[in-house]
Amino acid sequence: MGAPLSTARRGMGQNLSVPNPLGFFPDHQLDPLFRANSSSPDWDFNTNKDNWPMANKVGVGGFGPGFTPPHGGLLGWSPQAQGILTTSPPDPPPASTNRRSGRKPTPVSPPLRDTHPQAMQWNSTQFHQALLDPRVRGLYLPAGGSSSETQNPVPTIASLTSSIFSKTGDPAMNMENITSGLLGPLLVLQAVCFLLTKILTIPQSLDSWWTSLNFLGVPPGCPGQNSQSPISNHLPTSCPPTCPGYRWMCLRRFIIFLFILLLCLIFLLVLLDYQGMLPVCPLLPGSTTTSTGPCKTCTTLAQGTSMFPSCCCTKPSDGNCTCIPIPSSWAFGKYLWEWASARFSWLSLLVQFVQWCVGLSPTVWLLVIWMIWYWGPNLCSILSPFIPLLPIFCYLWASI
């Protein structure tokens, strides 16, 4: 009995008329014929099992002559289970022999006259003729660009330009340029307002410090409030126009503004001197007169050409000149230092001290500034008896 059973099952892989209607032994996972035993229970990885590749495709008459299972039945809702004969598509060839597999080539694009007929209304000659107009040229070419073909002037350029603008419309405005053009003045206005508020607070702070010098140890108060005019108590820095101290407050503010203006001018002068825009002739050794301009014979020639005088010359009686080039930077500062050193000889003793201070690192300077700011008021009261000894110490240190 085992032989016919095994023979029938061995042929079920190719015989479409012998299906597995009851669903027993699906894919022969538990069939003892395919060595199902306790030593190899995992049939998912069994190499001897039969996957029945053709058993699921049930042909006509699989359930006997004239028998068609109703609405699906045991084999599901496939057309074969309903008894309908369908033609299965042929299996594709393997990938190694399939020369048509993979991405198909991109089809050829249709011609431009079919996809964009509006672009074919002008030929190349008319297009280059229309580019002669700077307004049209800006639409198609960047700044400084030019067309590769020769552009011939055409008398009907106005009509061509009008036709182009009637078809394409006016060019769109560049919003980036508009934004940058508006952002610049707004930033300048904001900076001016900020500086104006700070500048107005600086005189008030200096005025408060100035008036506090007259009220050491007592709260400041305006002396004009005790006059014949009844005025409420107020500070000397906020006198009303009816107060007698108002004119003194205005005078203090005016002096403070002049002081701030002087500081700004000094800063501008230092900046111009650093950039070499103040061509001041240095003092020549052994001479008190200098002159600028061409010389007959210069012992020292100035290098390069500039819009400023390049050398300073002394003109002796023999006609020859002694020339010294003007420094390219700090010319005015060097002139002031030479002038002061010639009249005050003790300033030369400060050169070594200045060179030593310049050699210090910025960290040391920041530390010194912080110490003076934090301990300065207390140190002044402690070191006040020793202040007369400071010039003596500086003189001894410079003479060593």
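Each Cβ is built from the backbone N, Cα and C atoms, and glycine gets one as well.
Membrane topology of Asp114 relative to Ser348, as recorded in Swiss-Prot: same side. Checking the candidates Asn15, Asn123, Asn320 against Swiss-Prot, the annotation N-linked glycosylation site falls on Asn320. Packing against the transmembrane segment (254-274) from elsewhere in the chain are residues 199, 202-203, 206-207, 210, 329-333: each is 6 or more residues past its ends and has a CB under 8 Å from a CB in it.
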